[in-house]
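Notes to accompany the following structure.
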């Protein structure tokens with residue numbers, strides 16, 4: 001039986017934080033160890049420049065994201081790990097798919113519709129004011145990313161289901177018009193994946209400014225944890241898990257029995273300050289080895305580059321083969 005192919009893309013527009021680790025990185029690394037799965041993971045740097053126009057941020061983020069996944073246990077021998085911009089075949093496929101994609105489909109993309117709505121609310125006469133073609137057409141590039149390797153499943157959040165549905169639509173259109181070359185990808189939503197709460201109780205997100213950095217040292221992690229909001233209950237007063245985001249973060253780094261014990265300690269009057277020390281210790285214990293590996297990789301980025309180039313070589317071998325069939329199907333052939 002052939003293996004199920006799973007593809008994941010990570011945009012290079014920021015430095016990963018604890019929420020990224022719990023919600024995406026840790027579960028994806030574990031899933032990649034499944035012997036029945038063939039995993040593809042890529043750094044989506046071309047997607048990054050759609051919204052981020054700071055070259056240094058794109059560059060630094062590419063290094064940080066790659067180092068993060070490797071430090072957290074991604075095995076480049078088991079997972080095809082590459083940088084999007086190292087696979088020129090993706091961009092050629094992107095153009096071919098652009099030529100068969102209905103404009104109406106792009107008009108329905110959530111990001112574009114949100115931009116148009118914002119213009120209307122701001123009184124702009126031009127509904128497309130400020131809309132660049134990268135934002136408008138990026139679902140086609142995302143489709144090329146997926147179809148280039150005929151992924152069976154694409155793990156996404158609920159807000160990105162539309163992207164995979166569009167990829168299915170475009171793949172089906174190509175298959176019908178030219179030749180059956182593309183697998184119709186399926187959405188993969190893991191209901192068990194945790195969305196980590198931030199310092200203020202909302203979803204941990206850099207846009208909220210409520211994150212806990214992933215790669216700080218033990219002392220700085222403790223300082224970050226100390227910022228988690230709590231109520232004014234004194235030491236000795238019983239406390240409930242829902243009275244602070246601290247409990248949910250602790251739960252993400254603990255076994256069920258440890259979580260139960262922590263719940264009892266809170267009920268018995270554990271001081272918030274002591275609870276924060278226990279949480280920081282949990283985080284630091286789990287991340288001790290990954291932090292050491294991360295520092296090694298970022299101190300010598302050529303190690304990262306070597307791994308990415310090896311992944312690109314592996315990916316391009318397959319991409320060239322499929323693109324050759326796509327070119328032939330649309331009539332781009334050698335003259336004989």
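Glycine is no exception: its Cβ is also placed from the backbone N, Cα and C atoms.
Going by Swiss-Prot, these are the annotated features:
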type: BINDING; residues: 11, 12, 13, 19, 20, 157, 158, 159, 196, 203, 204, 205, 206, 207; note: ATP binding site
type: BINDING; residues: 145; note: L-tryptophan binding site
type: MOTIF; residues: 12-20; note: motif ''HIGH' region'
type: MOTIF; residues: 203-207; note: motif ''KMSKS' region'
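All features noted in Swiss-Prot, drawn onto the structure.
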residue	record	DSSP (3 states)
11	ATP binding site	strand
20	ATP binding site	helix
145	L-tryptophan binding site	helix
158	ATP binding site	helix
196	ATP binding site	coil
204	ATP binding site	coil
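Counting every protein chain shown, the Cβ of residue 206 (ATP binding site) has 15 other Cβ atoms within 10 Å. Long-range contacts of the motif ''KMSKS' region' (203-207) within the same chain: residues 14, 17-19, 195-197, each at least 6 residues beyond the stretch ends and with a Cβ under 8 Å from a Cβ of the stretch.
The CA atom of residue 204 (ATP binding site) is located 27 Å away from the CA atom of residue 145 (L-tryptophan binding site).
For the ATP site, whose annotated binding residues are 11, 12, 13, 19, 20, 157, 158, 159, 196, 203, 204, 205, 206, 207, the maximal Cα to Cα separation is 20 Å. The Cβ of residue 145 (L-tryptophan binding site) lies under 8 Å from the Cβ of 7, 9, 42, 44, 84, 90, each of which sits 6+ residues away along the same chain.
Sequence-distant neighbours of residue 11 (ATP binding site) (same chain, 6+ residues apart, CB-CB distance under 8 A): 44, 47, 48. Residue density at residue 13 (ATP binding site): 20 other Cβ atoms are found within 10 A of its Cβ, drawing on all protein chains shown. Averaged across the motif ''HIGH' region' (12-20), pLDDT in this predicted model comes to 93.
Sequence-distant contacts of residue 20 (ATP binding site), defined by Cβ-Cβ distance under 8 angstroms and a gap of at least six in the same chain, are 68, 214.
Sequence-distant neighbours of residue 158 (ATP binding site) (same chain, 6+ residues apart, CB-CB distance under 8 A): 189.
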